[in-house]
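I'd like to ask some things about the structure below.
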Amino acid sequence: MALFLSLLLILLFPSTNAAWPPSPGYWPSSKFRPMSFHKGFKILWGPAHQSVHHNALTIWLDKTSGSGFKSVRPFRSGYFGASIKVQPGYTAGVITAFYLSNNEAHPGFHDEVDIEFLGTTYGKPYTLQTNVYIRGSGDGKIIGREMKFHLWFDPTQDFHHYAIFWKPKEIIFLVDDVPIRRYPRKSAATFPLRPMWVYGSIWDASSWATEDGKYKADYKYQPFVAEYNNFKASGCTAYAPAWCRPVSVSPSRSGGLTRQQRAAMRWVQRYHMVYNYCRDPKRNHALTPECRS
């Protein structure tokens, strides 16, 4: 019995020397067809800082401009993913993002769900930041719900798939089909429910992106380049009939994460999460009631 329990603990809680997460047992990215960039997206800003070749998008930032793109259609639920490779070397102050937002429809009062690469300095890993805003604004009063990770691989060496799964009861962030964060709906006040578009961008966020603004973008290293391909956006659009059923990222009938997927997520959060807003004593948690539940 003691040997059995020891083996069970090893399987559920691998040692810190483990190089890769436990298998999630299910690969939702394989269930959704990739789409043509030009079919699913349009240039939002910085058209001179974008190029598309064989359905792969390259965007870049220099001292004149960054660049961004936006989905043609808004969605009210779905699976949204892209394979991304970011630039190595000194990228402090630079944000490479893939996210959902309705900021253009609700300026100053928008919802947003973010995957962001926070630029870094030589010898330090990229930080992958996930975030959720509900009816926020950009005027300094916005309430972020950040969880940050140092990935178990180098995101500059190859493409990896990053995805946001959003349905009316939960948001799940995935990296290479491994769930890294689940944000459940606790109340209508703490969950984005209005339709959102899919966005991607690269831009200068020197005031906060790298160690709270300690290191700024240095344009002697320009251009700062990000590459995207394997775009996926599948779900209920804002124009779909009411009976449209949200897609799933698990094989279970309920659509919730399986035990194996949850074990993989616990591993990532135990060994690779470097910041959790709910555990930050400097935060006013009266503004984030979901941390107390």
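Glycine too: its Cβ is placed from the backbone N, Cα and C atoms.
The annotation signal peptide is assigned in TrEMBL to 1-18. Taken from TrEMBL, the feature domain 'GH16' covers 16-228. Look at TrEMBL and you will find E112 tagged as active site, nucleophile. Annotated active site, proton donor per TrEMBL: E116, in sequence order.
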Identify, in sequence order, the residues in the chain of E112 (active site, nucleophile) that are 6 or more apart from it along the sequence and have a CB within less than 8 Å of its CB; answer 'none' if there are none.
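Non-local contacts for E112 (active site, nucleophile): Y99, L100, S101, N102, N103, N131, V132, Y133, G136, P192, M196.
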Tell me the Cβ neighbour count for E116 (active site, proton donor), meaning other Cβ atoms within 10 Å of its Cβ, over all protein chains shown.
20
